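Trainee: Next up is a structure, given as structure tokens.
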Amino acid sequence: MSFVEDYLTKLQERPTIIENPNILKGSKIFNAIYRVDDFVYIHIQSIKSEDGYNQYNVIEPPRPTHDEMEEIEEKFALSIGDKEPPEDTKEKEKLIRSILDKILLRMRLSVPKEYVIYHFIRDKLYTGSLEPLIRDPYIEDISIPGLGHVYIVHKVFGPMRTSIKFENYEELDNLIVSLSEKSYRPVSHNRPVVDASLPDGSRVNFVYGVDISRRGSNLTVRKFSRVPTSITQLIMFGTLSSMMAAYIWTMLDEGMNLFVCGETASGKTTTLNAITAFIPPNLKIVTIEDTPELTVPHSNWVAEVTRETGGEGTIKLFDLLKAALRQRPNYILVGEIRDKEGNVAFQAMQTGHSVMATFHAANITTLIQRLTGYPIEVPKSYINNLNIALFQTALYDKKGNLIRRVVEVDEIIDIDPVTNDVVYIPAFTYDSVQDKMLFAGKGSSYLIENKIAVKRGIDRRNIGLLYDELQMRSRFLNLLVEKKIFNYYDVWDYILRARQMGLEEAIKYVSNI
């Protein structure tokens, strides 16, 4: 593209052109360009900015002049008139393109027509100056802390400072208002803090106005993946081991209650979404979230989202969770428990509904303190309804790369009648030196030996069969990784096949692919 060549001529040192940034993973020194699409290229540099960040420079086609854009907008408004725009975003884009094609035929422009169309659609339909970051699949998070540069977290290079910059409050406020309106949750001075979803599904938090955000309005975007990360990808990334995944598979087969816990940005929702593929296919699932992130492969899936109106029409997680109990679900999945809906979740467990959720807690002690304290206030006698607590964290490896690891999986057994403490057993622990998940092995799982064995009618002499089954499930998942079966829905299909054929036959089948 000519605009990329124009950019390159202004550089003192020509960067390397690469197809995939992953080839530079672990590199301390880099200067490269990669393509996002025909109109967006990214130049990444290890040259530190004054605030210590590596550089992320967006390369886009030049914009038409301000006067040209004003004229185009006026003509567009006249052309579209009172036409009702289509609901579907892609159909809207088609309509805009067809109108612009006619308008631009009769205009003399300072830039090529396709550049004008790109910028018009980028600004009017999508996310404006942030759109290149939304389109880049290697970005995890986007942060506008106020006036100044936009920052990102890159999947390969970690935190970076972008070339996108806001220099006045009006420009920044206009973006925040525009994006919140496109998210159908508009900000205002009466409602300055809003959680919403962008048109592509990414989760966004808006804080509007200099009166509450001293450096100007701010936003944080957590990028959304259209196809969820699969359990085999998490095994390949090292987030969890195949044995740990096999253990979770076994537990979800038996309707166990499970929380995925960790700090912010530790990958809790990603893991929760990945393990939903282990829930038996013939069960009814209800997902309850503030912003829609969970994607469940099951056909009998009810997806519910809260509604914030600031008045009587507000629907909170608490309301949806109470309603879900009347919908006869087999599994209830809550995007994140943080308030009194946690109490309802434990009542659901008490009445025989299986529940999974994410939760902010770094360890079992913090988990219990938060669950039993204000505002959740779960009675301690209810805590053992939660069978499994999985703890995940984000950390840096020896090369300085950001990685995510499940560092402990605890089985919650009971409440000690003397000390009133929660009794639990760590089923898996993490060895940070070897970067390995350690399974305590045969005889170590209370849930396998005292719940699953009893449920299946297996006597204590034959409990070893359940551990053998764990090994087979682990082997099956390892084979999927070896065969590079990573697509979320493909993995789901192979798990269904294993259910139909039996594990032994499924292992033979995958081995011969």
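Using N, Cα and C of the backbone, Cβ positions are placed for all residues, glycine too.
The annotation ADP binding site is assigned in Swiss-Prot to T239, A265, G267, K268, T269, T270. The Mg(2+) binding site annotation in Swiss-Prot covers T269.
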Trainee: Please give the maximum pairwise Cα distance, in Å and rounded to a whole number, for the ADP-binding set T239, A265, G267, K268, T269, T270.
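Mentor: 13 Å is the greatest Cα spacing among the residues binding ADP.
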Trainee: Counting only residues 6+ away in sequence within the same chain, which have a CB under 8 Å from the CB of G267 (ADP binding site)?
Mentor: T239, Q392, A394, R404
Trainee: Non-local Cβ contacts of K268 (ADP binding site) (under 8 Å, 6 or more apart, same chain)?
Mentor: V260, C261, G262, E336, T358, F359, Q392
Trainee: Work out the three-state DSSP category of T239 (ADP binding site).
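Mentor: In three-state terms, T239 (ADP binding site) counts as coil.
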Trainee: Cβ within 8 angstroms of the Cβ centroid of T239, A265, G267, K268, T269, T270: which residues besides those meet this for the ADP site?
Mentor: V260, G262, S266, T271, L272, Q392, R404
